[in-house]
Amino acid sequence: MTQQAANALPPVARTYQVRTYGCQMNVHDSERLAGLLEDAGYRRAADGADADVVVFNTCAVRENADNKLYGNLSHLAPRKRSEPQMQIAVGGCLAQKDRDAVLRRAPWVDVVFGTHNIGSLPTLLERARHNRAAQVEIAEALQEFPSTLPAARESAYAGWVSISVGCNNTCTFCIVPSLRGKEVDRRPGDVLAEIQTLVDQGVLEVTLLGQNVNAYGVSFAADERLREDPRMWQSAPHRNRGAFAELLRACGRIDGLERVRFTSPHPAEFTDDVIEAMAETPNVCPALHMPLQSGSDRILRAMRRSYRAEKYLGIIDRVRAAIPDAAITTDLIVGFPGETEEDFQATLDVVAASRFSSAFTFQYSKRPGTPAADMPGQLPKAVVSERYQRLIELQERISLEENQAQVGRTLELLVATGEGRKDAATARLSGRARDGRLVHFAPGAAADEPLARRAFDQVRPGDVVTTTVTGAAPHHLIADGALLTHRRTRAGDAHAAGLRPRTGVGLGIPGVGAPAPAPVTTGCAL
């Protein structure tokens with residue numbers, strides 16, 4: 001081929017890969033990063049292939065997050081030396097925290113961006129290629145609400161929907177508020193419009209996201225009055241305390257939306273109107289994830305958690321009275337500074353009384369910049385590890401007993417992908433019950449399906465089935481009998497066709513077009 005003919009060929013789009021660490025907020029942010037890159041002309045790298053651009057979306061909650069990031073960056077260093085045209089970007093909470101330190105520890109990184117300016121990523125990548133220099137851009141405040149950005153959703157059947165970003169709490173162990181900023185809430189109409197967009201594309205389930213979802217309404221309650229007359233600030237309400245319950249009820253009026261979940265509420269602000277909305281809104285799932293952190297009132301006070309064990313247990317009692325089949329899960333921290341054996345026993349007592357279906361349990365991790373990092377009474381690792389094992393053993397026993405109580409029940413499952421590591425070996429598929437429990441099930445033909453359709457009606461991720469639980473383990477259920485029903489869905493059609501929902505409008509986000517392929521040279525490429 002002549003050089004002139006080669007130059008006439010369209011440029012090949014560069015490929016990208018996003019690696020995500022941390023919470024659901026980061027998972028959803030990674031969908032936005034993917035959407036931004038695809039809108040800019042990049043395409044997702046095939047599984048197992050080396051991407052031209054590797055983006056790390058990081059977490060800063062625990063020390064091992066630091067170790068994981070810098071370990072993975074070190075693994076990419078040899079490739080960067082041999083392929084200088086490839087690019088590495090680091091974003092998220094750890095980038096917001098470490099800033100220029102990322103380049104000091106990993107000088108082969110091309111772009112560092114923070115939690116407030118993820119929309120800048122395509123421009124920063126292009127600028128780094130053009131200028132042959134690393135770009136560090138950390139904004140101190142939110143530049144645009146992330147949900148206005150384009151998002152390439154991972155799932156055809158379930159979607160994350162942010163209702164707020166940031167947090168107004170001051171938990172002494174948590175670094176998130178300093179990295180994500182004060183709480184900013186989306187307008188209910190914007191939230192509901194995004195949900196409707198997802199449902200219109202076949203999505204059956206949404207999870208409402210916020211650092212403290214039941215504080216929803218804190219940042220927009222005063223706005224309407226202030227628009228009319230800024231002098232009314234003193235008399236304007238600073239909070240619509242019923243806003244989150246109202247939002248749940250509004251979700252119940254969206255046709256085609258079958259499941260609504262939310263994470264995470266704060267016990268200090270959990271009100272009965274939310275319990276009533278959960279119980280009275282059919283598509284709100286009977287599931288509640290509510291962080292406890294500690295069962296000791298003394299430790300809760302030191303954590304600045306603004307509730308005590310009695311209040312927490314009272315919420316659980318009221319939830320179970322209104323929603324008897326609710327599955328309740330939690331977060332727990334072991335080894336907070338100053339924790340005594342008596343404090344730890346109080347945590348065991350609350351866990352035993354709460355009967356959580358599962359718990360995310362962590363050993364306390366000292367995070368520089370948090371008040372807890374400078375507290376006296378930092379515990380030896382051996383003490384923390386021993387207590388952690390005792391807590392795990394208790395919760396594993398409770399989880400198994402709670403799951404064993406499900407044996408014989410008929411459950412509706414939303415068929416999922418990537419949930420069962422042994423599905424290929426066991427010939428099972430996996431799905432989530434309405435209460436969030438993971439169920440591995442035999443995908444045989446449903447009893448209600450005509451024989452002529454059974455070969456056609458293969459069960460697909462995004463479809464809905466009902467089945468009977470036949471076995472239990474601490475972290476999952478087994479259903480090895482024949483399916484009772486199988487409903488094909490638009491979400492299943494979309495998954496089978498490889499289609500992913502798209503949301504966001506990209507307001508104010510510059511498009512950079514498909515980047516031209518970089519020539520293979522020494523040094524950084526244009």
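Just so you know, the numbers here start at 1 and follow the chain as drawn.
Using the three backbone atoms N, Cα and C, a Cβ is placed for every residue, glycine included.
Annotated domain 'MTTase N-terminal' per Swiss-Prot: 14-130, in sequence order. Each residue in the domain 'MTTase N-terminal' (14-130) gets a DSSP state, and the totals come to 60 helix, 23 strand, 34 coil.
Here Swiss-Prot flags C23, C59, C93 as [4Fe-4S] cluster 1 binding site, drawing on sequence analysis. In the structure as shown, the Cβ atom of C23 ([4Fe-4S] cluster 1 binding site) sits within 10 Å of 17 other Cβ atoms.
What Swiss-Prot records for 153-401 is domain 'Radical SAM core'.
The annotation [4Fe-4S] cluster 2 binding site is assigned in Swiss-Prot to C167, C171, C174 on the grounds of sequence analysis. Secondary structure at C167 ([4Fe-4S] cluster 2 binding site), taken from DSSP and collapsed to helix, strand or coil, is coil.
The feature domain 'TRAM' is assigned by Swiss-Prot to 404-483, with sequence analysis given as support. Computed over the domain 'TRAM' (404-483), the whole-number mean pLDDT of the model equals 87.
When the alpha carbons of C171 ([4Fe-4S] cluster 2 binding site) and C23 ([4Fe-4S] cluster 1 binding site) are compared, the span between them is 17 angstrom. Within 8 Å of the Cβ centroid of the [4Fe-4S] cluster 2 site, not counting the listed residues C167, C171, C174, the chain contributes N169, T170, F173, I175, V176, P177, Q211. Same-chain residues at least 6 positions away in sequence with a Cβ under 8 Å from that of C174 ([4Fe-4S] cluster 2 binding site) are, in sequence order, V61, C167, R367, T370. Around C59 ([4Fe-4S] cluster 1 binding site), the same-chain residues at least 6 positions away in sequence with a Cβ under 8 Å from its Cβ are Y21, G22, C23, N26, A65, G92, C93, L94. C167 ([4Fe-4S] cluster 2 binding site) is surrounded by 21 other CB atoms, counting those within 10 A of its CB over all protein chains shown.
All protein chains included, C93 ([4Fe-4S] cluster 1 binding site) registers 26 other Cβ atoms within 10 Å of its own Cβ.
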